[in-house]
Amino acid sequence: MSAAPTSGPLTCRRAGPLRGAIEVPGDKSISHRSLLFGALSTGETRVAGLLDAEDVHSTRRAVEALGATVRTEGAEVVVTPPATLREPGDVIDCGNSGTSLRLLTGVLSGVPGLSVLTGDASLRRRPVRRVIDPLRVMGANLSARDGDRLPPVVVRGGALRGARHLLPVASAQVKSALLLAGLFAEGETTVVEPEKSRDHTERMLRGMGVPVKVSGLEVSVSAARPAGGRVDVPGDISSAAFFLCGAAALPGSEVTVRNLGVNETRTGLLDVLRAMGADVRLANLREVAGEPRADVTVRADRLEGTEIRGATIPRLIDELPVVMVMATQARGRTVIRDAKELRVKESDRLAAMGETLSRAGARIELFEDGCAIDGPTPLRGVEVRTRLDHRIAMSMAVAQLFCGGEPVVLDDVACVATSFPSFFRLLDQVSGQASGGGAP
């Protein structure tokens, strides 16, 4: 069996069960922030476990354009900040990374000069108004395409003033963009969320010496520069989800993911797995550099449908596509609500997964903010349009495990490199394949 291609179509033809112990690459959210916060700091930042994937490369190129130096020393990446961030000499291309674009919009709002942020075709279809509008309240001078709705974003950096922001939807990216702008603003900046989103920004800034006030759903900062320091990036639970969900639903499976980040704002998946009846165990639980981590084992069991809504949604928003796959194998109905955010990711993930799983034989009803899935349902092989969305591609590679040996054909797997270049190799490893999972 040949190695999986890095671009173009791929035929997935694997069989379970999934068994073994693996480590997934470093957390993407923490990796982005490590580079960006390092560039804002007064001293050097050393990062262990940085994710080596295209999205993070976009952030690296961006901070280098702003004057930071980023170099590799052995297993660490070292960020040396400039005395002050400089105006970039060219357009900053964020590739497929919405995190890069939104967080940089916040930072550059307070950096004197002109900056232009753009990205690939997928990123240029993702909304930016919900970042632009609250930043304008702080005095930011911003404009964007299509009536300020879509990238590219033009930033004319200048003086900012603190403000109190009430977010209509919990979003770690919007929250982080506003807090980062607050580091350049006069007065206090406060962000209030309807539910708690991932809190890596708060933890990391505090770990770098920035006074961060957290009270319930409120987070506040004032003007400050981080001091830099050391960041140890745990494994990404959003990447581990493909293996954990596959193992939970595929009879005879047991998978352990070592050194996995288990920050409580990210562990909605573990709660859902338990609610559905999976055997979930955590071992070697510890905290390193302010982030909890553990070795997480999931063993297959008979799954039952459940309801996923409300405050759980921000804690597993990126994992929902593969949760939808898992739900097709659970007895009864699984209902997902309050997940409208899925419609403005790299693709409309609700529509994409709903249409693709339906063609594969799933019984699924779509709502504006979620779906209902009835199971268990044997799936069949299907051709998949990945829509340049890494999570659609990887979720449907997992779905193929439930297709009774029939292949799933992904039209283009280049998108997987944005977050998880080693995905197919690790899936081969736990499924007992030689390599690649491609057509024989």
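Residue numbers in this text run from 1 along the chain shown.
Cβ atoms are placed via backbone N, Cα and C, with glycine included.
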Listed in Swiss-Prot for the phosphoenolpyruvate site shared with Lys28, Gly98, Arg126, Arg349, Arg391, one of Gln173, Gln433:
Gln173
From Gly98, Arg126, Arg349, Arg391, the binding-site residues whose CA lies within 10 Å of that of Gln173 (3-phosphoshikimate binding site):
Gly98
Cα-proximity to Gly98 (phosphoenolpyruvate binding site), 10 Å cut-off, over binding-site residues Ser29, Arg33, Lys345:
Lys345
According to DSSP, which of helix, strand or coil covers Lys345 (3-phosphoshikimate binding site)?
coil
Only counting partners 6 or more residues apart, tell me which same-chain residues put their Cβ under 8 Å from the Cβ of Arg33 (3-phosphoshikimate binding site).
Leu103, Ser176, His200, Thr201, Met204
By Cβ count within 10 Å, point out the most packed of the binding-site residues listed: Ser29, Arg391.
Arg391
Cβ neighbours within the same chain of Ser171 (3-phosphoshikimate binding site) - under 8 Å, at least six residues apart:
Arg130, Glu193, Ser197, Pro314, Glu341
